[in-house]
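The compositional bias 'Low complexity' annotation in TrEMBL covers 307-328, 336-346. The domain 'CUB' annotation in TrEMBL covers 39-161, 170-299, 358-464. Here TrEMBL flags 299-359 as region 'Disordered'. Residues or ranges marked as signal peptide in TrEMBL: 1-19.
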Amino acid sequence: MKFTLILTAVLLCAASSSSQKVSVLNSEFLPEIDQETRCGATIEADAGTLIVPNVGQSIEPGSICIFTIHLQSTNNFRLNISNLDVSGDGRDEDCSDAAVRIYSLTNLVPSDNGENYTFCNDSPPPPSGSLYLSGNLATVIYQSSMNASLNSGFTLNFEGIAFQPIQIIHESSYSSATSGLIRYPVEGEYAANRVTTWLIKTSDANPDLEMDVILQRMDIEECEANGNFSINEVCLCDALILYQVTGDGILEDKSRLCGSSEADVVIEGLGPNFIIAFFTDGIQVVGAGSGFEVLYKPRVAPPTTTPQPTTTSSTPTTTTSQQTSTPPSATPSPTTPSATTQSSTTRPPPTGNYSTECGGVLTGTQGLIEYKLTETYRNFERCLWTIRTPYRSRIRFDLNQAEWENRYDNIQIYTLNSTGVRNKHVFSLPVPDFVLLEGTVALVLFQTDYSNVGTGFSLSFTVDDGFDNSLLYFEDQHRIVEEADGETFRFPENGLYRNLELSTLTFIQPMYTAPLTMDMNITSLDLEVGMDGQCRDKLHAYMLQESDTIPQTNHIVRVTPEEGICQTTDLNPGASFVRSYGIILILATDQEGRSNGFELSLRSPVIA
């Protein structure tokens, strides 16, 4: 079986000859399967098109194809499946017979809450538009039907959408041998700010093959718990994760490990296909660790008794997921950050964690806004940035440089939580100045009034120690609206919203020389309501207005009740219809129950 991969950036498909790049990998039992019969690859690129199979070639019925995709200098995937036909000879509503499954791999969310999509003929991807997946590492798994036609396959287009000034180095290896030894690093201590994977993809000729994986000489940094982390969270800093790909093409997070131990950690009875992923954070700690060794080989019967790891700080921490072989829902999960749907009346915001534009979404543990730093800004400017620091509990903002009209022009910082706006800080001159605020997501508003101007500013943000364990998911969208004519927006765009989600959706007109506004009307609202009639999941809405105070600091005003709303009957008169130059919507969900979300329309009013 062959595949075609068309790339617009760097690509590496590592066979055994290139596996020395990140490890010592010795094959002991069977020779490598050549590229002609391989059903998978490792991909290192910022954009590309994956076509499976190639023209004139076919995939053996019942095969499992596995691809890992490492973005190189960008973050967060934009995906589009332009062709999909994985049909067998009957209906397959739950995608159990054949499917294309896409997973985000990360150590920053619990093992049973990772993002994923599942598609098949009876549950196809959206006919148009993009899908989004957070992070910079994805796995694509194709489960071929036992009754597949010769034309079965798919075409997947991918690209990274967020530039990261601080590079995360990605390395990957592929092996089809049924036995081998991985040593990482070969010598010395492992490096910070890296993601490394080893894809072990053996032949489909023996799907019943069982493998034993033995992890030896574990020496990996743990987070300093200080009583604040559960056993599942101590591996947030650096983590070694073992993923199994089941016979029905489902990715299972089998074990997460960190810490140090001379005792072996043995995982018995794995299937023939699995992925080992090693994540290190951006902090270089002297003496963090000398890494690990992984020995994998066919299982020997009867199995031998092996030492079991404990969960103290001196031994590896192992978390085993409780997933079953039931395929995940065919309904795609909405995805995250900086995912912005474009239309003819919107323009894309800056993405990543550096911006010189007037507004956008910045995602990361640190970032920088430099807006008109050496230029003169104009009157009536309105710039709004969403700052997302995934799962961190506090954000520090440093105003490094600024020269605006004090008291009338300024920067306002708002942090958000499930109750809406949580904290507020207004930066005034002189600089430098800083503030430390509670929260994992914040809004930065730069506003100028009708007279007198100055030069722009430099504002940086960094995360503080600590994690917010109350959230699992988020999605931030930002739209700059020059003109709207009855456009409809739905959140989430597809499927149901998620549990323990805190997401934001902002609309803004960046600058005006007349009292131009936009009208927002909430046309549909379907959030979870408890048996007592109280809202379990909530929508909070705010509008941007001219300040009624001097200094001018009162620009964001709530338009929904303090407790939020979950159904249209909760709307106060006028709350469903807002006329403003900016609109902020916050969706906050609890840990149970999901629904369809909300829909709204935007229209630019006619000025007589």
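Here, residue 1 is simply the first one shown, and the rest follow in order.
Note that Cβ sites are derived from N, Cα and C of the backbone, with glycine treated the same way.
Unlike curated entries, TrEMBL annotations are predicted automatically.
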For the domain 'CUB' (39-161), the averaged pLDDT of the predicted model is 87
Its residues classified by DSSP, the domain 'CUB' (170-299) shows 3 helix, 67 strand, 60 coil
Across the domain 'CUB' (39-161), DSSP yields 0 helix, 61 strand, 62 coil
